[in-house]
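For reference, TrEMBL has these:
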REGION    A:1-24  region 'Disordered'
DOMAIN    A:59-368  domain 'AB hydrolase-1'
ACT_SITE  A:Ser164  active site, nucleophile
BINDING   A:Arg234, A:Asp364  substrate binding site
ACT_SITE  A:Asp330  active site
ACT_SITE  A:His363  active site
Amino acid sequence: MNDTPPAQGPLGRAPGPGPTNHTATLCTREPMRLDSGGELGPITVAYQTQGVLNAERSNAILVCHALTGDHYMQGPHPVTGKPGWWEIVVGPGRVIDTRRYFVICSNVLGGCLGTTGPREINPATGQPWGLGFPVITIGDMVRAQALLLDHLGIDTLFCAIGGSMGAMQVLQWAVAYPERVRAAVPIAGSWRHSAQNIAFNEVGRQAIMADPDWSGGDYLSEGRVPRRGLAVARMTAHITYLSEPALHRKFGRKLQNPTGVSYGFDADFQVESYLRHQGASFVKRFDANSYLFITRAMDYFDLAAAHDGVLARAFQGTKTRFCVISFSSDWLFPTAESRAVVRALNAAAARVSFVEVTTDKGHDAFLLDEPAFHDTLSGFLNGLAEQAGLPPAPEDPS
Amino acid sequence: MTPASPTGAIRYDLQLIADMVPPGARVLDVGCGDGELLAHLSITKQIDGRGIELSMAGVRAAVGRGVAVIQGDADTDLRDYPDGAFDYAILSQTLQATEHPRDVLANLLRIADRAIVSFPNFGHWRSRLQLLTLGKMPVSEYLPHQWWNTPNIHFCTIRDFLLLCRDMGIVVERALALDEHGRPRSISGVGPLANVLGAQGVFVLRRSTRA
């Protein structure tokens, strides 16, 4: 079991600083080359760090966020005021112990919380980029992260960790910069986006583009927001993050009004009300065009494509240690996809560990209190840290 | 997480297998449990180890020890490894629980130059006696399951195993018959006595095509 230290307050000797949020301006001299052939620069990258980088610069962990995530691992979130998305995992005394590691999470390229994306102003026009933003890839996101690490003076990552689209970035890191990644933990991810997932993304994009307030992508300069379209996109996607048993356990066929149905199209069922709430709160914190660009980047992701469809070749000669984790009830990124990654890593004679965590929480299990997952992750990191000679975190004075 | 004692003693039969592995070898332990043997070997002999384990608890414990282990089983996951990926493949007390023992053996010797295989000997005199006197499938401290709930679906005797090896052109480099406490008996591991007195057999195998 993991200790659960107080969330705030002094912890042990030499506690690392809590979360600090920063922005960096990169590519000021020459623009960044994009996979599409285009160029982008200078770019701004917003990021959060927790903990202290050691003198050897050997304890840095990069956390890669998912499609609608951001760099606020620890809150409060600047828009919603809510806790950060991975407070349960990252922090002093937690699974990713910030008394031991220096943890970095950056808002992805194309995002909407401070990093250069379609919501930001295009310096060439003085208007928001909108659809004029270049189409980016997971490879471009990772390139921007590598530039950020250069900027921070970090040559090698102790570990790259991420769930869902974050897992794609982690795998991309391991393939594009094998010598810069000691260990990689792709969680609930895949080496390529499946046809079903492209299909779901397309439904979301079409919902956004069918909203008249989207205005061909120019809603920001027209002072409009495609709330309905973006909310429907979120509602659809949200279903894929859960599982049938989890939905049933939470809502069943329970009604909003226990006296009966309305014989109308209001949200009679609690599950409808829940989804509407998810959609409505999402549009307050996320940009519709960012959603288009980031889902597109996921669709284009295919690590085997550049290697004649043979994934193992992407990992040839890798020295990185992998810990692949999947969740049994995840039908968006099912275990079979993680197993295919493991198979390829085995074929490349990589050092790989793999666990399928048994849970009914679906894809989102990586964001939730899932002790078997947390034990696996902390076990892997502890074993790695011992072998790397990283000093253990100081004990709590209690 | 309780870290494993780095130099602590390990189970006797595992120590016996550990002694057969040369330093620095590339080792795959199939059915590695909590990674005890691999962790021990990587500390004492600096091997490059990998494990396969069916149970999530076992995998988690092994990962926590710093062992590279994947959740899977011998029947389905061995085929993913390329030829000659390892120097040694270890299959300890698992062969009798596989669905296709012959395929498993063939795969072990495809992906590794040598295989170390151990299994309970169904030809042990106690098993014979139970079958002869009671007319029932043997149940003992070492084979604790009833016939209807045993995971051991392909029991064999040492003699059966040696016949299969001959049939598959597998060379038995070393053979040990162990007593009920996991200690080697001072008899030939391939002789008729081993099949009666050995509670389990431990074998070092290699392909006949290799010198």
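Keep in mind that glycine also has a Cβ here, set from the backbone N, Cα and C atoms.
Features recorded in TrEMBL, as mapped to the structure shown.
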residue	record	CB count, 10 Å
A:Ser164	active site, nucleophile	27
A:Arg234	substrate binding site	23
A:Asp330	active site	28
A:His363	active site	24
A:Asp364	substrate binding site	21
Practice task
Would you mind reading off the Cα separation of A:Ser164 (active site, nucleophile) from A:His363 (active site), to the nearest angstrom?
Solution key: 8
Exercise for the section: Write down the Cα-Cα distance for A:Asp330 (active site) and A:His363 (active site), rounded and given in Å. Expected result: 4
Handout entry: Local confidence of the prediction over the domain 'AB hydrolase-1' (A:59-368), expressed as mean pLDDT
Key = 97
Exercise for the section: Do me a favour and check the Cα-Cα span between A:Arg234 (substrate binding site) and A:Asp330 (active site); whole Å is fine. Expected result: 18
Fill in the blank from the handout: Whole-number Å distance separating the Cα atoms of A:Asp364 (substrate binding site) and A:Asp330 (active site) is 8
